[in-house]
Amino acid sequence: MAARVDSGFWFPALALGVSFLKCLFINAYHSTDFEVHRNWLAITHSLPVSRWYHENTSEWTLDYPPLFAWFEFGLSHVAQHFDRNMLQVENLHYASPSTVLFQRLSVIFTDVVFIYAAKECCRCVQEQKGSQDVLNRPSFVLAVLLLWNFGLLIVDHIHFQYNGFLFGVLLLSVAKHLQSQHLQGALLFAILLNLKHIYLYVAPAYGIYLLRSYCFTQDNKDGSIRWMSFSPLRLLALGSIVVSVCALSFGPFIAMGQLPQVLSRLFPFKRGLCHAYWAPNIWALYSVLDKGLAVLGVRLKLLEEAELPRASMTGGLVQEFQHSVLLSVSPSATLVCTLLSILPAVASIWLRPCGARGFLRCLLLCALGSFMFGWHVHEKAVLIAILPLRASYQSFSDADVHHLLLHSSQEAPQRSGPSAPSSGGHLPARPGRRGDRLRGGLPPVAVATEAALPPPAGDVGVLLGGRLLLLPASVRQAAAAGRQTQAAVRSSNSIL
């Protein structure tokens with residue numbers, strides 16, 4: 001018999017389970033970002049606001065927007081009850097057991113925002129009709145894909161950062177737009193930009209989508225834009241939200257005449273084209289090619305080794321770097337390449353918006369385009385695309401591109417091509433009717449059902465953080481499904 005679990009039980013169980021797992025990482029290895037955030041706690045707690053963006057005792061200076069600095073300021077008032085010594089600026093590389101405990105717990109507790117956002121995204125998913133098997137419910141699969149994302153666990157709870165909190169704000173903003181609460185979604189995204197400016201990568205998707213689908217209230221019968229339907233009041237409301245949030249965040253620093261100093265910290269173009277840990281993008285290949293040509297040139301005695309640049313292209317600190325053979329890439333060049341890469345996606349949602357599906361895919365493409373062509377891209381920036389990607393699956397053909405789908409070991413592998421039936425569909429946009437487009441919910445996650453696979457179907461596995469979660473396509477008997485699951489796990493492990 002198929003497992004039937006009320007949604008009021010399984011979501012808290014997933015959230016509590018992953019929270020307990022995070023607690024096991026408290027004493028694990030942590031990277032230099034642990035010291036970065038400890039230093040920021042000390043800066044915001046011990047120094048006046050006027051010195052926050054000038055302090056440079058540590059090489060890891062404050063380089064996040066002011067709203068995140070106020071977030072660290074709030075955390076510091078809790079941190080003083082654990083170990084006051086961590087809040088001294090001169091205590092570089094301080095990592096007492098109490099300090100480690102506090103900083104680890106701060107990440108775990110702020111992940112509540114991410115858990116709530118995942119719940120809201122699950123509410124937007126169109127559930128399948130006629131199936132109460134929890135493993136076949138798109139909302140369950142989406143919850144697992146988000147809450148148990150292995151990359152996020154590594155980056156936040158081992159490496160150490162607050163990405164879960166920030167991605168929670170992003171996903172909550174997306175969910176509000178999908179629920180037609182566009183002003184709330186815009187407010188959340190404006191807050192997010194003032195917490196971490198890396199999310200400027202996806203700002204074009206938000207801006208064009210809101211302008212096209214919120215400020216213009218009607219379409220022509222052929223789906224093209226009806227220019228006379230433009231609402232200045234809606235545009236004014238959106239603009240007021242963005243300006244108000246930015247004024248609250250940057251206002252004190254503007255009043256102190258420190259805006260140029262803050263911006264120089266937020267956009268340190270002198271750090272170089274590539275981050276210390278190279279993101280696997282076009283500029284990594286470009287730098288490798290330049291290095292290879294330089295080595296070849298020295299060996300062929302076409303170049304003098306003493307004349308080659310000495311600055312490290314991987315240090316991550318503020319320094320100038322010039323390529324040895326190829327043309328050096330400027331920030332403006334990366335900006336042009338990034339804009340060209342996202343232009344087709346942005347043009348698509350302007351000319352022929354497709355509601356939730358179109359907005360999500362544009363957001364993903366903006367994130368990926370910026371990751372591939374951006375300046376000084378962090379390797380973990382790919383999470384900006386990966387996490388919303390979990391919610392964008394429309395059919396098996398989508399999942400076939402991004403995830404490994406395997407049948408059980410008793411069946412020959414079958415490719416789910418474009419003709420594979422979808423487990424559901426988004427609400428299509430009808431010409432001239434805005435309600436269908438704006439109220440269109442999140443596309444259902446691709447989940448194996450008996451209707452979606454040719455009988456008798458095996459199991460379908462969805463890759464979750466490097467492991468396969470096997471979803472029984474047949475629910476004849478619980479025992480039979482269990483045996484098939486075990487066999488498929490053994491088969492998938494041998495493949496991976």
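Quick reminder: no glycine exception, Cβ is built from N, Cα and C everywhere.
Sequence annotations record features per position, and here TrEMBL assigns transmembrane segment to 9-30 (among others).
Feature annotation from TrEMBL assigns transmembrane segment to 101-118 (among others). Within the chain, the transmembrane segment (101-118) has long-range Cβ neighbours (under 8 A, six or more residues past its boundaries) at 15, 19, 22-23, 25-26, 34, 37-38, 75, 78-79, 82-83, 86, 142-143, 146-147, 156-157, 160-162, 164-165, 167-172, 175.
Among the features that TrEMBL reports, transmembrane segment is placed at 139-162 (among others).
Per TrEMBL, transmembrane segment is recorded for 182-202 (among others).
Per TrEMBL, transmembrane segment is recorded for 235-255 (among others).
Taken from TrEMBL, the feature transmembrane segment applies to 333-351 (among others).
Annotation source TrEMBL lists transmembrane segment at 358-377 (among others).
Summarising the annotation, TrEMBL assigns region 'Disordered' to 410-441.
The feature compositional bias 'Polar residues' is assigned by TrEMBL to 410-422.
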Proximity of the transmembrane segment (358-377) to the transmembrane segment (235-255), 3+ C-beta pairs under 8 angstroms: no
Close approaches to the transmembrane segment (235-255) from elsewhere in its chain (Cβ under 8 angstroms; 6 or more beyond its ends): 49, 53, 65-67, 183, 186-187, 190-191, 193-194, 210-211, 214-215, 261-262
